[in-house]
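**Q** Below are the features I grabbed from Swiss-Prot:
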BINDING   PHE25, ALA59, TRP60, GLU61, ALA83, VAL84, ILE85, ASN116  5-amino-6-(D-ribitylamino)uracil binding site
BINDING   SER88, THR89, ARG130  (2S)-2-hydroxy-3-oxobutyl phosphate binding site
ACT_SITE  HIS91  active site, proton donor
Amino acid sequence: MAIRRIEGLLHLASEGRYAILVGRFNSFVVEHLLEGAIDTLKRHGVNEDNITVIHAPGAWELPIVAKKLATSNQFDAIIALGAVIRGSTPHFDFVAGECAKGLGVVALESSLPVINGVLTTDSIEQAIERSGTKAGNKGSEAALTAIEMVNLLKAI
């Protein structure tokens, strides 16, 4: 008997329904992440009618909105995008940590892929680099992960 392998593939994703949840705070970075995610989904065959963009105030609010989206049974995956940039107070640590933890809890409780595309950077320059310049576009990478996870969960 052979070992069975199950993988999520990056093939055309025309059937999937994707929610892109965007924190508006640091919008000068987040808008580029959103553009990258939408472009990647469309290039992989996702119809615009199967993409819904939801704007939340910031990264702190993303988990509760993700939970509402997950329980709506309208989506195959949620892509959470935002940017938390370190400042001179511990606020960064609380927001970044609780956002990541909350998104993970939503994914586990709902069995729905909730992709964490929230940047956590030490500087504005790092955030800009990760939103489409030197370090690629993390919004695009999050969309690829969402496609792969939708396909993987369907294959299991």
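Yeah, the Cβs are placed from backbone N, Cα and C, and that goes for glycine too.
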**Q** As a test of the contact definition, list every same-chain residue at least 6 positions from ALA59 (5-amino-6-(D-ribitylamino)uracil binding site) whose Cβ is closer than 8 Å to its Cβ.
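**A** GLY23, PHE25, GLY82, ALA83, VAL84, VAL95, ALA96, CYS99, VAL118 - these are the non-local Cβ neighbours of ALA59 (5-amino-6-(D-ribitylamino)uracil binding site), listed in sequence order.
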**Q** Between HIS91 (active site, proton donor) and ARG130 ((2S)-2-hydroxy-3-oxobutyl phosphate binding site), how many Å separate their Cα atoms?
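**A** A Cα-Cα distance of 21 Å.
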**Q** Measure between the Cα atoms of every pair in SER88, THR89, ARG130, the residues the record assigns to (2S)-2-hydroxy-3-oxobutyl phosphate, and report the largest value in Å, rounded to a whole number.
**A** 23
**Q** Minimum Cβ neighbour count within 10 Å among the binding-site residues ALA83, VAL84, ILE85: which residue?
**A** ILE85
**Q** How many Å lie between the Cα of ILE85 (5-amino-6-(D-ribitylamino)uracil binding site) and the Cα of ARG130 ((2S)-2-hydroxy-3-oxobutyl phosphate binding site)?
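**A** ILE85 (5-amino-6-(D-ribitylamino)uracil binding site) and ARG130 ((2S)-2-hydroxy-3-oxobutyl phosphate binding site) have their Cα atoms 12 Å apart.
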**Q** How many neighbouring Cβ atoms, not counting its own, are there within 10 Å of the Cβ of TRP60 (5-amino-6-(D-ribitylamino)uracil binding site)?
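**A** Result for TRP60 (5-amino-6-(D-ribitylamino)uracil binding site): 19 neighbouring Cβ atoms inside 10 Å.
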**Q** Give the helix, strand or coil assignment DSSP yields for PHE25 (5-amino-6-(D-ribitylamino)uracil binding site).
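**A** DSSP call for PHE25 (5-amino-6-(D-ribitylamino)uracil binding site): coil, neither helix nor strand.
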